[in-house]
């Protein structure tokens, strides 16, 4: 039979250290309660003992045996026997009998028993002897000191065997109160010193003093660590222990200060490489003192960084679960601010230390918080992820974040915030193509093959060449300078995950609020999509537009995505995008000044891709129709939108020179212009004129006026009607953003009115008419007299 394996695990040292203060307090209370219960038991026994002695002394003891007396049958006979016993004089008893009775009176446990109610005594001698033996066998307790409690220690084993070890448990001396029973039963009341109540001003002064002391302590520890990190790495633990500040007056503030201080310390003292754990061979080898000191610094840094991240994670988790520990001195309301500081620190570490240990753990913590209900927390996390994407040149950290976000979105069944997917727009994928061109020009040095080395180099030279190549390889790894192939591989894997996420949403969650972010992302990365997916993707986009379930902004995103696809690798495809032109032409009139200007920016991007960049595929009739509709739309939108639309009209008039016929009257051509027709090819736009420009010449915004005059003159590049360089060299989107009134400011600023005409001040009499002036003065100077009012005359006249 195999020995039964003990499944109970030995608690680790970390677990033993984590014993809470509440548990220790409960242990101490239980110990004190046991001591008090032991004392009470002892007092109770002593009280019973004294009472039994008093009763025994006051009563006359009965003899052990009485052969004549049997169990009474009648009450009268018993009373007579009692009278005879009481009448027995003490002179008839021997001295030995009296001494025996006194000795028996001292035995409390013996006298407490009711001897009179014992079983009847028989006359026979054997029976009498058995009764005496029975009493002799009964245990007797004397009035002695209580037994001392023993503590069992670990036994000692020697040749003879196991020797148990014990020790007396220390017991406090208790004064025995023997006066009254009532005094023994009354518990001692502990008189507590009354706490002195402080006023609000005094409390604030005390709190300020405590907080100042804690700040000085934090600053001292942080400065000592920064001055010499390798020697003072142990002080990180002391600083981190202040995260458990228990003073309720300054607990929240001190914890926030410690979190921020530790975050800045780790950003400063962390090396620019990842610290790996040592192997057994490395631990066993002898090293120099400097190397040993560096190893101790790295191990201490990694362990304290790990514990710090665990503390931040626990703070955020407790806040999310809305629970606090019983011993916690921080309220739930204040815990929210503490959790926000913890999230901010995690975001800073995510951006600042993407190369260091536990970066993936930080990503796993940050990504779910991007979808948090708190807007502040969600924005902080999304901004941190965007910063990471923008500054990540290699792509390793971006790939890790993309994997976690994709899995989170899928796990939540695509019910997440759109801001999570909008972070994909900050990926640095396009820069690979630029770097590829530069690297093609400056090609890296290729290593020689074995045959080339053998032909050109001697044996010693080959040996040195091999050592040099090995050194170059190690330096490249140390500097983290990855090759172009490595970057392309990482970026390809990242884009695959991004497109898989986008296509899943297009397929399964077409009515999701994530659709605009998906379409915007597809529009940005459309040039990197495989050509094989273009046909299916365009069909899906057209189906979404025709379904009617999308808002005008979402439908504009579909149009923008479709033309981004067709303007890149899609040029080789024979696809007619006329339906997308029609949809954009139809959607333009849904924009107006009563709505937000977000749609205008998308329209400007679409017009640039659809008309300017595809000028060879755009017909003359289509260009005329769009120019006419853009000028009409400029009348009903905000000034910055009008400037962007007029700038686009100027570009189209330069791109399609024959559109200047719209500046003539509408009597030329055949047919009638149909402004409400949804087909731009058949609306007869050549039969109309841009009369809207005359209305825009009187616009209150000076830049709109300038653009209208410039377009009426035929959009010249030179001359008095030409635009200033600050307007002509900027794109339509840049002008739209530059003159935006989102900040509630007018650009250009409104000039103050400085009229040179002075108002004529009337001196003397206010009224120029003398008769009126005299009449007013007379009535003002008259003394009012009370005259009774009589309306009877008026009533009579009215009746008549």
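Heads up, the Cβ atoms here are built off N, Cα and C, so glycines get one too.
Which of 410-449, 450-489, 490-529, 530-569 counts as coiled coil depends on Swiss-Prot, and there it is 450-489. Take the CB of residue 333 (SUMO2 cross-link) and look out to 10 A: across all protein chains shown you find 8 other CB atoms. DSSP classifies residue 333 (SUMO2 cross-link) as helix under the three-state reduction. Across the range of the compositional bias 'Basic residues' (40-51), the DSSP-based residue counts are 12 helix, 0 strand, 0 coil.
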